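Student: Questions regarding the structure given below will be posed in turn.
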Amino acid sequence: MSPEMGELTQTRLQKIWIPHSSGSSRLQRRRGSSIPQFTNSPTMVIMVGLPARGKTYISTKLTRYLNWIGTPTKVFNLGQYRREAVSYKNYEFFLPDNMEALQIRKQCALAALKDVHNYLSHEEGHVAVFDATNTTRERRSLILQFAKEHGYKVFFIESICNDPGIIAENIRQVKLGSPDYIDCDREKVLEDFLKRIECYEVNYQPLDEELDSHLSYIKIFDVGTRYMVNRVQDHIQSRTVYYLMNIHVTPRSIYLCRHGESELNIRGRIGGDSGLSVRGKQYAYALANFIQSQGISSLKVWTSHMKRTIQTAEALGVPYEQWKALNEIDAGVCEEMTYEEIQEHYPEEFALRDQDKYRYRYPKGESYEDLVQRLEPVIMELERQENVLVICHQAVMRCLLAYFLDKSSDELPYLKCPLHTVLKLTPVAYGCKVESIYLNVEAVNTHREKPENVDITREPEEALDTVPAHY
């Protein structure tokens, strides 16, 4: 066998074949060389911008979104590394001539980059969000060199804001509660933080259209009033841009609820397209009274194409919009069956679903993973809107709730979304405030916990142990 046809080694994460390392590749490994960058290489998303420009807000939301669509993503917040290294006293730590502090900050950046490498190359991560100011060309060059050496793609997100009102609101909402300012006087916090911003302004070098024309980036001006996008390289970067151009910070609430109890719910049958039960109709009117009591301005109402959500919305007496994407998960051959019937006719399928409920796909039907992909346009539109009431179904509501509450794929299929209960979601600084409102109309329980025994050879009694009661 010729040297050129030597052993091939598959890289576990990139799923591609590269020549096995040998003595002849010494030149390729010399200092300053880089790993080849492939189409599906891991990506580093690098935040850029002065303090109080919403970088951590963007990092958190983007990470939540990418994880939800199935792209393993993690935030590396440099402020946390700095707080672990040294306790914060005041803005003087960030003075450009504080050489001791500069060295500490650089060491923190290197420690964070080491963790980024471990995550992307050894923990099966695909996107690392490097959340820091990264305001100098020197710091960005350090990151670019690091990415080149490890074969990572780089995408910059720069948040630029010159509106004093927006900056002040960001400081009020986020920085006053920062670990740097625990138990500090409000006015002193504001004064110190504004001086910290001034320290960064001295050496701030924004991404430049000419000098950085070879880089991939998006510049966001004044919380989304204007955008500049340059050299988007791949699918992940294009989805990132699309997502960032849809989010906003306008105060609003999203109301999630299921349809009223249906005739098939009462009988313990999944799926189907039945109408509301007597109690389901009572709930529809209770929902109308609740929504009216909230005094919500410009409320939009969305339903699926299914009879039970439409009947629930009709009681509101307001215009509503039907989304096919909001239809319940397709149970395929198991549509309109009870869990007992599924266990009787398809015991192996029933066990396989219990083993991996998120990825299991019903024969001729869908999985929760499929449902998440179907619901992505709904999430995008929810991010664009202000006040919305979504009347949907159990599996659909679980997927939407998992997005807003940052739940993993293992947790998602078991989130509790009871009938006749409204969840009010109000976005806050780095997450979502949840209020659960039960509207005092009884309904059957449709929630089935994961049974202890998920083996295919289990007894029927073990398989049906967590099935809720029904008529």
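Cβ from N, Cα, C; glycine included.
So Swiss-Prot says this about it:
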| type | residues | note |
| --- | --- | --- |
| REGION | 2-250 | region '6-phosphofructo-2-kinase' |
| BINDING | 49-57, 170-175, 350-353, 394-398, Tyr430 | ATP binding site |
| REGION | 251-471 | region 'Fructose-2,6-bisphosphatase' |
| ACT_SITE | His259 | active site, tele-phosphohistidine intermediate |
| ACT_SITE | Glu328 | active site, proton donor/acceptor |
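Could you tell me the structural context for the features on the list?
Tutor: According to its DSSP assignment, Tyr430 (ATP binding site) is coil. Every protein chain considered, the tally of other Cβ atoms within 10 Å of the Cβ of Tyr430 (ATP binding site) stands at 14.
Sequence-distant contacts of His259 (active site, tele-phosphohistidine intermediate), defined by Cβ-Cβ distance under 8 angstroms and a gap of at least six in the same chain, are Leu276, Gly280, Met306, Arg308, Thr309, Gln311, Thr312, Ile391, Cys392, His393.
DSSP assigns Glu328 (active site, proton donor/acceptor) to coil in the three-state reduction, outside any helix or strand. Long-range Cβ contacts of Glu328 (active site, proton donor/acceptor) within its own chain (separation 6+, distance under 8 Å): Gly271, Ser304, Met306, Cys392, His393, Gln394, Ala395, Val396.
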Student: Take the Cβ of Tyr57 (ATP binding site) and count every other Cβ within 10 Å, whichever protein chain it belongs to.
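Tutor: Excluding its own Cβ, the number within 10 Å is 20.
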Student: Highest Cβ count within 10 Å among the binding-site residues Ala351, Ala395: which residue is it?
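Tutor: By the 10 Å Cβ neighbour count, Ala395 comes out on top.
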Student: Would you mind giving the whole-number mean pLDDT across the region 'Fructose-2,6-bisphosphatase' (251-471)?
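Tutor: Value for the region 'Fructose-2,6-bisphosphatase' (251-471), mean pLDDT as a whole number: 98.
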Student: Count the other Cβ atoms sitting within 10 Å of the Cβ of Gly49 (ATP binding site), across every protein chain shown.
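Tutor: For Gly49 (ATP binding site), the 10 Å Cβ neighbour count is 24.
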